[in-house]
Every structure is written in C-alpha cells, then in structure tokens.
Amino acid sequence: MEYASTFQRPILFHGGDGASYCFPNRLISPKGISITSGDSKVHSCFRLRRNVAQSGTLNLMNACFSGRFYSGHLHSTKSILGNGHQAKRIPFGFRLRCQGHESLGNADSNDHRIGESSESSDETEATDLKDARVENDTDSLEELKELLHKAIKELEVARLNSTMFEEKAQRISERAIALKDEAATAWLDVNKTLDVIRDTVYEEALAKEAVQTATMALSLAEARLQVIVESLEAGAGNDIPHVSEETEETIDVNDKEEALLAAKDDIKECQVNLDNCESQLSALLSKKDELQKEVDKLNEFAETIQISSLKAEEDVTNIMKLAEQAVAFELEATQRVNDAEIALQRAEKSLSISQTPEETQGQLSDEETSQEDAMVLSGNVEDVTHQVEKESPKDGDLPVVQITAELVPDIVGQRNKKLTQPYESSDHENGKPSVESSKVVEADSEKPKINVQTKKQETQKDLPKEGSSLNSPKASFNKSSRFFSASFFSSNPDGTATVFGSLVGSVKQQWPKLVLGLALLGAGLTLYSNGVGGNNQLLQQPDVTSTSTEDVSSSTKPLIRQVQKLPKRIKKLLEMIPHQEVNEEEASLFDFLWLLLASVIFVPLFQKIPGGSPVLGYLAAGILIGPYGLSIIRNVHGTRAIAEFGVVFLLFNIGLELSVERLSSMKKYVFGLGSAQVLVTAAVVGLLAHYVAGQAGPAAIVIGNGLALSSTAVVLQVLQERGESTSRHGRASFSVLLFQDLAVVVLLILIPLISPNSSKGGIGFQAIAEALGLAAVKAAVAITAIIAGGRLLLRPIYKQIAENRNAEIFSANTLLVILGTSLLTARAGLSMALGAFLAGLLLAETEFSLQVESDIAPYRGLLLGLFFMTVGMSIDPKLLLSNFPVIVGTLGLLIVGKTMLVVIMGKLFGISIISAIRVGLLLAPGGEFAFVAFGEAVNQGIMSPQLSSLLFLVVGISMAITPWLAAGGQLIASRFELHDVRSLLPVESETDDLQGHIIICGFGRVGQIIAQLLSERLIPFVALDVSSDRVTIGRSLDLPVYFGDAGSKEVLHKIGAGRACAAVVALDAPGANYRCVWALSKFYPNVKTFVRAHDVVHGLNLEKAGATAVVPETLEPSLQLAAAVLAQAKLPTSEIANTINEFRTRHLSELTELCEASGSSLGYGYSRTSKPKPQPSDASGDNQIIEGGTVVI
C-alpha cells in the first residue's frame, strides 16, 4: 500500500513511555569528558579543582533540557588544554607600585629576578587554569551548538516526514472518497437495473394476458366457424323445396358463406395477434434473463467496490494515525530544538557571567595602575604648578592652566622614560630587543579590550534570540498597554528615532495640558499649605547646611514657603475682582466642569506613561480635586452616589457579552474558586488582624472580609483595555469577581449583627442564621423575578419599540431596564450591579444586544470614569506621609499575601501557575465594596475612624496600582512562560469553562486576522498551531493560542471541541487542512467547519470530507481586484456590487445559505434582504474611487 511507509525515531536513549528521552546514568565522551546526570558537572581529565568548580558554574545540566538529551552526539571537539600551551610572561616593571610622588621603588637585580620569577609563575599557573576553564566551557558550548544543529536537522526531517504523510493521507482519503462514490454509483446502477427488471416483469404480465386474450379470441373464432360449417351441412341435407322456398334458401346460403369467410378472417387475425403476443412475451423473457444477469454482475461489482471502499476507509484511518504520529514527532522535534536553544542560551549566559568577574578584576588592576600613575603625575603637576605660581607675576600673561597643560607632556615623557628603563635593562640582559618587549606589553594590554568587545557582541547577538518572540509586531491588536523592549530608553548613536524620543515628542505636543496640570498642582499645594496651619511641619525639613569653597550658607525654609510668595500676589489680584455668591445649582455645575476638566487633562497624560491606563488618570484627577487635595469638589457624597452607576453600567455591559450557556460553564470557578478565595483570604487576613495587629474579633472579621474583596470595576476595565477578557486569567478573574459580588451581601448583613451596639449583645449565631436565610429567600425571589420577567417581557417590548423606529425611546427603555433591575436587587439586599448584570445577561439572548450595547456605551464610560475619580478622592496624601511605613507595609502584605493565596487556590482548581499568578495580581488589590463595609463598621462601632482611614488609603492605593500589577503579570508570563514549549501545550483545565467558543486551526496570516476580529468583539476562541514561533507571538499578545496538532482527537478534546460551536481551518498545507477537517467531521460532527481551500478541486474534496462551507483562498483577493478594475472601467458602483455579490453567491452557495439563516453576511457581501437598489448609471456620481484604484462598496 502507498501509506505503508515508515519513519525512524531519533537515535536517543529511551527513558520511559511515550517520547521522553533522557541521559543514562553516565556518558563518557571519547576525549576524556565525563558527564554525570546526578550533579551534571563536567570534569576534565586533568582534574583541576578550579576547572571543576568553574565547570559547575557552567551548569551543563542546562543542556539536559527537561530530561531529554541527545546521547550519541556528545563528544569533545578538542582537548581541554592544548598540548603546546605557552603562557605569556608579563615583563617585570609593568605593574610596579610607586611610593611617593617621584620614587619608583628601587631594588637590586637579584631581588628583582626572584620577584619576577615568583610573580610570573603564579600568573602562569592562573593563566593555565583560566585557559583550561575557558577551553572547557568553549568545548561544552561547541557540543551544545552541535546538538542544536542536529536537532534543527531532525526537525526539518520531521517536518518533511509529516508533510509527506499528510499528503499521502490526503491522496488515500481522496481515493477512498472516489471508491465510495464509485460504489454508490454501482449500487445506483444496480437499483436502476432492478427497476428495469421490475418494468419488464410488469410488461411480461401484460404480454401473458394479451396471449391469453388472443388465444380466447382464436377459440371463439374457430367455434363460430364450426357453427357456420355445421349449419351449411345441415341445409344441404334437406329435400328440394318449392320455387319460393328455393329463393330464400339461396339467400341464406350466401349469408352463411359470407359469415364463413368472415370467421376464417377472424381466425387468421387472432392467430396473427397470438403469434405477436407470444413473440413479445418471449422477447420480454429473454430481456428479463439478460437484465438478471446484468444485475448479478452489477451487484457483484458493487459489492467488490463496497469492500474496496471499506478497506480504503480502514486505510484512511491507518494513514491518519500515521500522519498524526508524524506530526507528534514533529512536535517532539520542535520541543527538542527549543530545549537545545534554552540550554545553549543558559550555557552562554553562565559562561559570560563566569568570565565577567575575571575581566573586571583585570580591569580593576589596570585601573589601579593607571590611578597610581595619575597620582604620580598629579603630584608632579601640583609641584610644577606651585613653582609656576611662585615664579609667575600676579598679572601674568599666561594663565596657570595653560602653563600646566604645556608642562604635563614633559612630565609624562619623563615618567615613561623611568618606566621603560627596567624593560630595557631586563630585555638587554635576556638578550631580547626592547621592541619585542614593548609589543608584548601592548598585546597584553589590548587583550581585555578585545575580550570585552567580543563578549558585548555575543551578548548583543543573543538578545534578539531571546526576545524575538516578544519583539513581534503587536500593533495589529488594539490594546492600550504593552511592554517595551530593552531598547526603550536607549539612545541610538546613529540618530534614529526611539520610543523614548517619541514619548518626549508627545510630551512636547501636550505641553499646554502639562502646564495647566502643573498650575492646578501648584494651586493645590498652595491651598493645602494655607489650610493645614500648624501641620506644615510635615513638609518642613531640618536645617540643612550647604558648604562650598567660596561661602557657607544655611537654608531653613522648606520649598513650600518659597512657593507661597507667588500666590500672595495672585490673591491680591483675585481680591480686586468683584465676587458673586454661588448657589447650589451653580456649585453642582462647577463640580461637573471640574471633573470633566481634570479627566480631560490627566487621562491622556497617564496614557502616555509606559504601562499607564486611563484608570490611573481618573484616580490622579480624583486625588487632586478631591477633599484631601485642592478641595475643589464641594458635594462629594452626591458625586459618589452618581458614580456608583458606573459600576452598574459596567456589569450590565459584561452581561451583554456573556450568555447563559457560557455562564453555566463557569460555575466551577464562580462557586468553587470564588468561594475558596473569599473564605480563605478572609480567614487568613482576619487571623492576622486579630493575633498580629491585636484587633478585636468583630473588627478582624470585617477587615478580613473587606480586604478579601477586589475591585470589579477596576479589574474588568483593565482587562478590557488590555484585551484580556477572554483569556484564561481574565475568565478566572471574572468568575471570582462575580462570586465576590454575591459575598458582599453576606458581609453587609453580618456587620450589624456582630456590632457591640447590637441588641443581641455581640455575635449571635441564631440571629446570623435567621438573617442570612431571610436574605437568601429575598435574593432567590428577586433573581427569579428578574429572569422570568426578562424572558417573557424583554423581547416583545423591544420588538414593539423597534417597530416605532424611535432611537430616544429605545435608549430610554434600556435605561429603564438597567435602573429597574438594579433597584429591585438593591431592595432585596443584593448589590445594584448584580441586578444590572442579570439584565444584561437576559438581553444578550435577544437580537437587540448590539444596539443596546452601543446605546449605553457613553453612559458607561462617563460614569465609570466618575467612579474612579471618587475612589481617588478617598486617598489622603497627608495621611500617607504621616503613616508611610505602616501603609506601605500593609499594602505589601495585602498584595503579596492575596497573590500567594490565589495562586495556591488556582493551582488546586487546575489553572496553570502563570495564569494563577496573573489572576492573583489582578485580585490582590482591594475593592470598592471595602469602602462600604469599613464605613458601615465605623457607624456600628466595630472599628475606629483612624483605622478605617488607614484601610481606605491602603485599598485606594492598591486599586490605583492595579494596571501596573496587570503589566507585571504579563511580564512574568513573557519571561517564564514563553521559553519552554511545554508550557504552550493545551491543558483541559485551561478551557473547561468555555462554551460555544470558536476553534481556529492554524495561527498564520488568516488565523491571526480571524483571532483579531474575535478578540475585538470579546468572542471566546482557542487557536492551535504547530509552529512554536507563532504560538509564542500569540501568547505574548495574551491570546489563547496553544502548541498542538489540530488533527489530533486528544488535542481537540483538550480544547473543548465537543462544546465548540464552530471551527475555522486555516492551515497552510492542503494535506493538513484535509486531515483536520476529517478529524472534526468524524469525532465532532456537530461542530460546523469553515475551511480555507487552496483551489476549487481542493474545496470539492474538503466538502466531501465533511466541511460545512469552503472558501477558496483566491476568491476574495480576485473579487477585490476585479472590483477595482471594474471601477476603473467607469462602471457604476451599484452594478459592481451586484456583479461581485452574484459571483460570490454562486461560488459560496452553502455559506450564503448559512448567512441568510443567521441574518447576516459574515463579511461576504450584501445579504439578499439589504441589496442596494439599482441606480442610474452616472459614472461621475456613482463611482467612488479612492487612491490606488480600490472601490468603496
């Protein structure tokens, strides 16, 4: 058979089941290097202690990449120490240390020689050890490079092998499909022949009836003839009658003769008819026999073809398994290449780290020598300068500096002469010319420079290798904050533009806003300094004395007092302006204007900061104009009440983007991970507050539960800005936040019951149980009413309003639904945001969700920004300065502690360590409900106002740093997750909460565009690719891209193919496309498959393999070019649109039917319900052509 070809495994030591390969206990290379898997150290045959220690720093264990290593390829290319190694001696006198200003430390020649020999011997030994270690490290690097090169070759072979098997699988599958079609055709022929036989049998029956009828007719004709003959014979036997009787008898005889002739004719006709019927019957019988024989032949042929088709199906299954194994070997080869690259990078880093101290030590010794020389020179220069000052007149013609500059070269020359004298004497004594000795000195002095330059070049070469995946283009994905490469703040000597330069340019463009912001800041500092009175001591500094060579001055006034001089003049000018009293309405208007002004100034500025977010801008604006800043906002409580609706609209928008099915798939993390996070964090923080901080039991309970909550508004906003809402950590974070919104109800019910002012006199478990039971009943009734009313009333109400075509009424109805459900849940004891979330979840099932989302977008943005500003208003900078260590310590414990707890909990629930860290960093800050809980605790006498103020500040600052914590999580993922290919493999626990998602098979050009469109609409998807580089690019963009074979049943199961609604197959190779479609149609037939076809023939084969719809990859570019050409030919736009649409419809009939059923065109032209009406062909008015000849349709 064609598919019965084999491929060999790499020559490795098998270390277990599957495809894991590892070292044996000991491998001995032919050149004396032994590698031990226990401690993974390289020991040279010379057994030099320093060399062994240095080889330990090299860590060849890095080469044992994750238990997999090539065994037969390890060998040493050269010995660790060269055979003819010659140590270079450093001539005596080069490193003599000078004592005094001009003395050089004279000694007799014997002492010089003894010192020279001992020093040179030590340096020779150290040089030998160093060279041995360097050569050993170099050998190891060469071995690793050779291993990497062989791994790359094996990867190329594996890729060719997998491509070959995929092509064979496609050919065998197409042959099987052809045999199946042929068998179907054969059975169709059999059935047709059987139908003909049935018709023949029917005709035979008719013919038999005709024969019987003809036979009966012949019998009747013969009977009539016999009667006539008998009557004639009877008439001839009578006597002769009279004349009249004779005449009558003659007439009778004539009639009988005529009847006899007619009877004979009838007999002939019946005989002819009978003969015809018998001939037809015989023909039908012969035809029937022939047809039966043909049926037997066709049946036998069809059975043969059917058997061949079944065998072909088995062959297809076998070749698909072989192709899957080939792709699996390709993936393993990719992993080995990745492991080899990591091992090589680590080895090079360890080598560079081990060589850096030696170079720095040599550079330090050179610097010490140069410093001694400089000290001698400086001493001589000072003496000469002193003499010149004495000898020169007071108003000399030349300045002292110029005279000194002229005398320095002479001193240097004298110093060089004194230094070269020992060289010359020693060289002449040894019989060597002085020129050679000077060359040796120059060569030794230039060695460190060359080594440093070569190492810098090597490290610069290594940097692109490590950061290639992270430096991939990310501009195609619309995300607000990304990470910057190492060259972000570096300046290019060639004068090319850098990111830092562009940042400076943007600051220059925004200088009016900066000036206005600084003016507001200065005014705020002025008002603050004037208002604090005696509290200015916080800004004062102790007396600082600054001395210089000219004078001594002391400054005792802080900077704020110097700034106060300017505002006094401004105050005088303001007093001259007539004032007018401001009423409450104008005050509210001024508050609104200040809020808008601050947001317009600070939000763009903070977006320019690396890793910045609009949330930070709103928080900074709130701090500045809040009661603890400039105190510009007068009605803070009213502002906070209105700002709460920002969270309400945010949760409503989140509900619109979800569905009931997707929410049900998240129940494991909502009620599992969410409850575990809240309970464990509350318990740990409460115990710390009680036993460490000495807080009372009720206060510890409130503190633990309040700090266990996180900010739903901040976290979801940051996730949306970064485009991470559909990522693994984004989904897990949202699940926990959803449960926290439910847990707030319990906390707010619990606070009055544990208050010392309560009528129960403390904690009463019966009262708590009764209150919680009543709250649960109220919540259940409210949620049931919202769900039932929404399912029954929302769709007909919105349909009726949509028929009126009034946008204002539509928006008003949306606001009514949001505020009504929020009020209902608030009256039931739940949060307002939860009611809005339920309303959005119900509206998401209707066809009006997109319009509703666009209507509430302006309200959501403004109110959410207002909410963040109110959070900033709660931050007290004065309190931060006075309690800085306590607040920073508490903040650090909160962030680190909650992150560790969430990581542990997330790992228990099957989340990867990197995703769990990112979830922990997002949920570590406090939340907005902590303000409500702590405020209620103060009102109930559970905690003091001072403690609540400190906690307010900690929670506010933690919410402010949430964007940077999210950026830190992405940095951790980019540093630790992207290096190892195994971390990119699909895990079932990473996708078990997905429902109705999209599977993208292939993350190339087409797959990336589809992923971008889905990500912008927050539609959940999972992408697969066998290229680790593409997967790394996707992961660096926080997209759910996994390294795996899209044609494997196990991989498809791990990404939740059974719960997916559709799959897009956009692989490069036609064979891989076919194999993926085959696997999806066989194992997951309910998943609709949309495939990218290479050409029409390939598309037909894919349709036969089970593809739902096939899109030729050349169709859309051809249509775009054709539209441009038709537009250039002066055809009207309507005619071009109709032509292109008709052509597309003919070639995409199946896709068009699906689009019409869903009510949209999915990007493939106009739907039939919205075709443009034909317009008069006016070439000047209808053709809308942009630059380049493309058409705007």
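The backbone N, Cα and C atoms fix where each Cβ goes, and this holds for glycine too.
Taken from Swiss-Prot, the feature transit peptide covers 1-49.
According to Swiss-Prot, the feature topological domain 'Stromal' maps to 50-585 (among others).
As annotated by Swiss-Prot, compositional bias 'Basic and acidic residues' applies to 439-465.
Residues annotated as transmembrane segment in Swiss-Prot, with sequence analysis given as evidence: 586-606 (among others).
Under the heading transmembrane segment, Swiss-Prot lists 613-633 (among others).
Annotation comment: Swiss-Prot describes 634-640 (among others) as topological domain 'Stromal'. Panel annotation: around the topological domain 'Stromal' (634-640), residues 587-588, 591, 595, 626-627, 866, 869-870, 873 of the same chain, lying at least six beyond its termini, place a Cβ under 8 Å from a Cβ of the stretch.
Residues or ranges marked as transmembrane segment by Swiss-Prot: 641-661 (among others).
The transmembrane segment feature in Swiss-Prot is assigned to 669-689 (among others).
What Swiss-Prot records for 690-698 (among others) is topological domain 'Stromal', and it gives a curator's inference as the kind of evidence.
The feature transmembrane segment is assigned by Swiss-Prot to 699-719 (among others). Panel annotation: around the transmembrane segment (699-719), residues 613-615, 646-647, 650-651, 654, 677-678, 681-687, 689-690, 725, 730, 733-734, 736-737, 740-741, 743-744, 747, 750-751, 754, 833, 864, 867-868, 894, 898, 922-930, 933-934, 937, 942-943, 947, 951, 955, 959, 962-963, 966 of the same chain, lying at least six beyond its termini, place a Cβ under 8 Å from a Cβ of the stretch.
Residues or ranges marked as transmembrane segment by Swiss-Prot on the basis of sequence analysis: 734-754 (among others).
The feature topological domain 'Stromal' is assigned by Swiss-Prot to 755-766 (among others).
The transmembrane segment feature in Swiss-Prot is assigned to 767-787 (among others). Within the same chain, residues 745-746, 749-750, 753-754, 760, 821, 824-825, 827-830, 835, 838-839, 842 sit at least 6 positions outside the transmembrane segment (767-787) and bring their C-beta atoms closer than 8 Å to a C-beta of that stretch.
Residues or ranges marked as transmembrane segment by Swiss-Prot: 828-848 (among others).
Helix, strand and coil residue tallies for the topological domain 'Stromal' (849-860), in that order: 12 helix, 0 strand, 0 coil [DSSP]. Marked as topological domain 'Stromal' by Swiss-Prot: 849-860 (among others).
With a threshold of 8 Å between CB atoms, the same-chain residues lying at least 6 positions outside the transmembrane segment (861-881) that come near it are 532, 535, 538, 595, 598-599, 603, 614-615, 618-629, 633, 636, 639-640, 642-650, 713-714, 717, 887, 928, 931, 949-950, 952-953, 956-957, 959-960. Feature annotation from Swiss-Prot assigns transmembrane segment to 861-881 (among others); the stated evidence is sequence analysis.
Tertiary neighbourhood of the topological domain 'Stromal' (905-912): same-chain residues 668-669, 672-673, 676-677, 680, 728-729, 732, 919-920, 983, 987-990, 992, selected by CB-CB distance under 8 Å and a gap of 6+ residues from either end. Looking at which of 669-689, 828-848, 913-933, 949-969 has the most CB pairs under 8 Å to the transmembrane segment (884-904), the answer is the stretch 913-933. As a whole-number mean, the pLDDT of the topological domain 'Stromal' (690-698) in this prediction is 87.
Sequence-remote contacts of a segment are chain residues at least 6 beyond its ends whose Cβ falls under 8 Å from one of its Cβ atoms, and for the topological domain 'Stromal' (849-860) they are 645-646, 649-650, 652-653, 656-657, 807, 810-811, 814-815, 818, 843. Counting residue by residue with DSSP, the topological domain 'Stromal' (690-698) contains 5 helix, 0 strand, 4 coil. Remote same-chain partners of the transmembrane segment (669-689), defined as residues 6 or more beyond its termini with a Cβ less than 8 Å from a stretch Cβ, comprise 663, 695, 699-701, 703-705, 707-709, 731-732, 735-740, 743, 893, 897-898, 901-902, 905-906, 908-909, 911, 923, 993.
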